[in-house]
């Protein structure tokens, strides 16, 4: 229980942050017109990941899946940054 | 959903609810009152008791500000009064931080606005439990836990949503009745609770969240992007040429005119902000509240020299950032639909407080040993904590109202008196709940809250009777409204005391709430 909770809190935070950054990046002008909606969306997204972490069978799966999702999201952020 | 997953969500719901429940009760009870912030301010300082400096024109206030504190010229704000009986005050930054002053306080400005304002004190309880700095972050964490409790509660309820929603099984099984009431209120007011979980988290944790997101994902560019997103006035370069400024009253009238082009039917200015006052390029920004729109707060920026509108962010003329920012405040504070929405928020706020109270009762009932007179210690501790904190909060807030009433008649400072009365009564209630038999403590604390609440509002009604009969203004109706609402709340506390007493005598003798099992 504690392991899944920590996975959701600690890995859900950067995952939600990077997802929003990617969302803003695909919009014109680097998403300047959508900064406030993105900030508002941050907490529901983080909460969704925290709750989602409890749906995994055990802590190892939660850490592995959310860790993998973080790695993929950061990689995409890095690629979009260097692509344009 | 698998049974094991459902059980996990049940555990998450219980623990997040228990961890956050007490703080949320305070936030919701004080928050329901905060919906009528301006009415409570009018109750403390009614329109027939004219405040010092109320007759000072805003232009005179500004002239004295720039004469005595010339460094403020670059950037200062004027908080406009809600009625003619109260004074406008200025605020600006100097070497000591933010300073506040009305006209007569200009030589000795304060570092706090509206010292001793009861409405602001209730708001402080709502957003930070009255604890400086740390309280706000604590309530932010509580809001996140609240969001988790909501989602998990909804997921648990989802499989039986339609069949159970309107089931109110009134029978001898009290636990099931509480469960049905808890579920129905939780699901029916879900959109309202989602709004608070999201906006509450953001409003309380904004500073640290912005800093964290800026570092984690935005390469240090988020601060600039955010500043750009919320800027409503163009930044004009200082011309270094002095120019006469239009009177603030004229600028406000021009702003109202410009606001109506944004498709709103009303625009009530509450704040005026100047940049580079006295310069030819000085900008004045007027913020106002419009009704019947989600983007309730809007601003109009004008050239302070001639009143030319530079930008209008009102109604349909908001940007996407502006409308969502304004909507966030509107949705949190219920400012978007006139009095109907305010009353709706008030009722839903009280229902929210009930949701956390009933959640604790359910926890107690679920762990009750049905065949034992002697209940487990944890059940008794939770019962004592629940009545101490929840009823103690209601008693403490009524105490703050009493202190405000007494000090306003004595003409003394209400700041300390309000805090002492509120926290003192709260702590006294908690201690009382710890030492007295549980059912007796519950009934007596509810009765005390009822008596105090009704006494305060009756004393206020009697003291202001002639003024209320002779003054017909929205502000005097607000005072009357606060008193009448107080009477209704006092009667509700009395009814709850009577129901609890009946339960203590006639209910299941093996419950912690029964007189037979007093411990």
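Every residue number used here counts from 1 along the chain in the order it is shown.
Cβ coordinates come from backbone N, Cα and C, glycine included.
Away from its own ends, the transmembrane segment (B:12-36) comes close to residues 119, 122-123, 125-127, 129, 138-139, 142, 145-146, 148-149, 152-153, 156, 200, 333-334, 342, 345-350, 352-353, 355-357, 359-360, 363, 385, 389-390, 393-394, 397, 478, 481-482, 485 of its chain (Cβ-Cβ under 8 Å, at least six residues beyond either end). Taken from TrEMBL, the feature transmembrane segment applies to B:12-36 (among others).
Look at TrEMBL and you will find B:136-162 (among others) tagged as transmembrane segment. Within its own chain, the transmembrane segment (B:136-162) is flanked in space by residues 1, 6, 9-10, 12-13, 16-17, 19-20, 23-24, 27, 127-129, 183, 186-187, 190, 193-194, 196-198, 200-201, 203-205, 208, which lie at least six positions past its ends and keep a Cβ under 8 Å from the stretch.
Per TrEMBL, the feature transmembrane segment maps to B:183-213 (among others).
The feature transmembrane segment is assigned by TrEMBL to B:343-364 (among others). Same-chain residues lying 6 or more positions outside the transmembrane segment (B:343-364) and placing a CB less than 8 Å from one of its CB atoms are 14, 17-18, 21-22, 24-25, 28-29, 31-33, 35-36, 175, 178-179, 181-182, 185-186, 189, 192-193, 196, 333-334, 337, 379, 382-383, 385-386, 390, 512.
Taking Cβ pairs closer than 8 Å, the transmembrane segment (B:385-410) reaches residues 22, 25-26, 29-30, 33, 44-45, 49, 116, 118, 121-122, 125, 353, 356-357, 360-361, 364, 417-434, 438, 441-442, 445-446, 448-449, 452-453, 455-457, 459-460, 463, 486, 493 in its own chain, all 6 or more past its ends. For B:385-410 (among others), the entry in TrEMBL reads transmembrane segment.
Among the features that TrEMBL reports, transmembrane segment is placed at B:416-435 (among others). Remote same-chain residues near the transmembrane segment (B:416-435) are listed as 116, 118, 121, 125, 130, 384-385, 387-389, 391-393, 395-400, 402-404, 406-407, 441-442, 444-445 (criterion: CB distance under 8 Å, separation of at least six residues from the stretch ends).
Here TrEMBL flags B:442-465 (among others) as transmembrane segment. Counting same-chain residues at least six beyond the ends of the transmembrane segment (B:442-465), those with a Cβ under 8 angstroms from any Cβ of the stretch are 43, 46, 48, 387, 391-392, 394-395, 398-399, 401-402, 405, 409, 429, 432-433, 436, 479, 482-484, 486-487, 489-491, 493-494, 496-497, 500-501, 504, 513.
Summarising the annotation, TrEMBL assigns transmembrane segment to B:477-497 (among others).
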